[in-house]
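**Q** The structure under discussion is supplied below as structure tokens; questions concerning it will follow.
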Amino acid sequence: MALTTQPPGTALRSWLPPAVLLLVSNLVSLVGLVWDVQWHADVGPDTFFTLPHLFIYTAPAISGLTSLVVVLRRTAATRAGAQDTGQVGGRSVAVLRGTFAAPVGYLIAGCGSAAFLLYGLWDLWWHTVYGFDAVIDSPPHVGLILCDQISMMGTLVAFAAARSHLLGKIGITLTVGVGFAWSCLFAAVTPRSVGPVGGMALTIAGLGVFALLLGLRLLRWPVGGALAPAAVLVVIKLASDPFSVWAARWYAAEVGLPLRDHAGSQGRLAALMPLLLIGSAVLVEATLLLARRFGGSPRWAVPLAGALGGVLLAMTSPPGSGLTTGLAGAVVGAVAAWLGWMAATLIDQSSTEEITA
């Protein structure tokens, strides 16, 4: 059977709508998250059926249904003999002995969304048994956080597969920034300190450096691959800070619940998003730029760049860090940089090689 080809412009139209829907789901989830974290901090307990939770659970519904439609369309196209260019979510994975042909990005996003909804059932049971949820790091919530990160990785793969287009690169930039903003929640459930080392600071340093190297490697820009996602993070921080405080207080007034005595005027999750991620991005880019200019190998340049960026983030992240935390930040940053670099390499392969499962 002859392979069919797409007319000019069809490729752009085919990959863009589903990828944008995945990104929209990530943004909706982030809105619900910053709102819910602020609610737990300023008001306290909540039930399963709240407005912030509506945003949080709408997100996997959007990404899950989008992924399902893309998989079914890709399967039908494969059976019709259409050529798989890999631009729609990466190369296809043969699922259930070839019953379905699933673009790897949408397979990841769909599985993350399905698992998220299953953890949501556990969260509903948790609320049914224990009533109010007084803390953000309950067991079902930890599972929900991890599943949402999986879905965001699927979004990243979907945009990376189409990075030959400018909109694909913009999607990568936004997804990395949103993903890091979301992952700052891990710092909120990390011990503030472990002996002389700041646990929260190291968490932020590791996640921040990982995001910077992931974006830099995927975007492949001479300059700006790390700076662009860092700038997105700063915009998210500046927007989510006033929004989360206003939303929590407005909703508390609507449902007739009082604020806690220590309710502040600063967004709790926004406070964990480091403004100096921009500075860390500058250090990372400058180090790798010098390494390329003098013929340095990525094997040592990437960990060195990560170590420098990790020191800056660890020393400047809450709750205030000393020399010991800074030294630990260098180690964490070096490891996180290499992991981010390798993760980007795997994403590259998912959009250029045939995969079977």
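Every residue gets a Cβ built from N, Cα and C, even glycine.
Automatic, uncurated: that is what TrEMBL annotation is.
The transmembrane segment annotation in TrEMBL covers 12-34, 54-72, 100-122, 142-160, 172-191, 197-219, 226-249, 269-291, 300-317, 323-347.
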**Q** Top stretch among 54-72, 142-160, 172-191, 226-249, 269-291 for CB pairs under 8 A with the transmembrane segment (197-219)?
**A** 172-191
**Q** Which range wins on Cβ pairs under 8 Å with the transmembrane segment (142-160): 12-34, 54-72, 226-249, 300-317, 323-347?
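**A** Ranking 12-34, 54-72, 226-249, 300-317, 323-347 by Cβ pairs under 8 Å to the transmembrane segment (142-160) puts 12-34 first.
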**Q** Tell me, please, if the transmembrane segment (12-34) and the transmembrane segment (226-249) are in contact, taking contact as 3+ Cβ pairs under 8 Å between residues separated by 6 or more positions?
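**A** Yes, the transmembrane segment (12-34) and the transmembrane segment (226-249) are in contact.
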**Q** Out of 100-122, 300-317, 323-347, which stretch has the largest tally of CB pairs under 8 angstroms to the transmembrane segment (54-72)?
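**A** Highest pair count goes to 100-122.
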